[in-house]
């Protein structure tokens with residue numbers, strides 16, 4: 001028997017430039033999870049016929065009649081600095097949430113749109129895309145403050161056993177009170193596919209939550225927005241700051257001998273060089289290629305302008 005689930009959010013529209021920043025952030029660290037916050041707005045689109053679940057290439061009509069479809073639009077993301085690196089867990093401090101809210105207010109003034117923190121994202125390196133019971137409980141806590149709050153997970157560094165090629169899976173979910181019985185509707189999404197999935201998490205009876213996947217649609221953009229560009233450029237700085245913080249904490253210990261300190265310094269230098277090779281170098285090359293492309297496009301527009309001006313002068 002199917003369980004009727006009332007969703008606070010029916011779909012998520014993620015801008016392609018924000019998606020690019022999330023993907024680069026997730027692929028920047030293979031051993032620990034990374035995290036960030038999503039900035040956007042929540043729109044209520046009135047529908048008189050059916051509820052639509054949006055996917056990357058199609059639109060499916062659900063037989064349930066609704067009055068309004070609540071869609072979360074994610075325009076940009078904020079990369080968070082990790083104070084504690086863990087392989088299987090990430091945490092967002094109240095100070096980071098407050099700083100993100102301040103940034104959202106600044107963006108609202110610049111764009112004239114009701115920007116706010118609408119969700120969070122984190123990575124799952126080498127593990128499944130589905131949220132853990134800790135992720136589901138954390139998401140439920142955020143939804144107590146905002147029912148429209150969503151969570152995104154990027155599963156990376158996954159190798160297909162048949163083709164031996166890497167894959168990146170992603171999902172968007174919310175938490176709801178667990179039902180006595182539920183059933184899975186679809187499977188995970190591999191890049192541009194979409195699905196809806198429900199499963200009960202093994203928690204205490206009085207605290208049980210289940211995840212429900214929210215259909216997500218990547219909105220294509222020809223250009224990258226200024227805010228997302230700033231976030232992409234900020235990524236190497238944040239990774240460097242995290243390495244410096246970790247090195248300073250270890251270096252401040254008084255019981256370390258000279259050999260250990262030299263070893264720690266070598267590891268710190270090695271990590272910085274690895275980041276330059278894996279993150280900073282490709283990012284710089286991408287920015288240079290983008291600049292060259294923009295300059296070429298500018299020349300084409302200037303040439304087109306001159307041709308139009310000549311045609312206009314000939315008509316006069």
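Heads up, the Cβ atoms here are built off N, Cα and C, so glycines get one too.
Residues or ranges marked as N-acetylalanine in Swiss-Prot: 2.
The annotation domain 'MPN' is assigned in Swiss-Prot to 12-179 on the grounds of sequence analysis. Mean pLDDT, taken over the domain 'MPN' (12-179), works out to 82 on the 0 to 100 scale.
Marked as Zn(2+) binding site by Swiss-Prot: 122, 124, 135. DSSP classifies residue 135 (Zn(2+) binding site) as helix under the three-state reduction. Other Cβ atoms within 10 Å of the Cβ of residue 135 (Zn(2+) binding site), summed over all protein chains shown, number 21.
Positions annotated as motif 'JAMM motif' by Swiss-Prot, on the basis of sequence analysis: 122-135.
Taken from Swiss-Prot, the feature phosphoserine covers 258. A sphere of 10 angstroms centred on the C-beta of residue 258 (phosphoserine) encloses 7 other C-beta atoms. Taken residue by residue with DSSP, residue 258 (phosphoserine) is part of a helix.
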Alpha-carbon distance [residue 258 (phosphoserine); residue 122 (Zn(2+) binding site)] in Å: 37
Spatial neighbours, same chain, of residue 124 (Zn(2+) binding site) - Cβ under 8 Å, 6+ residues apart: 33, 153, 154, 155, 156
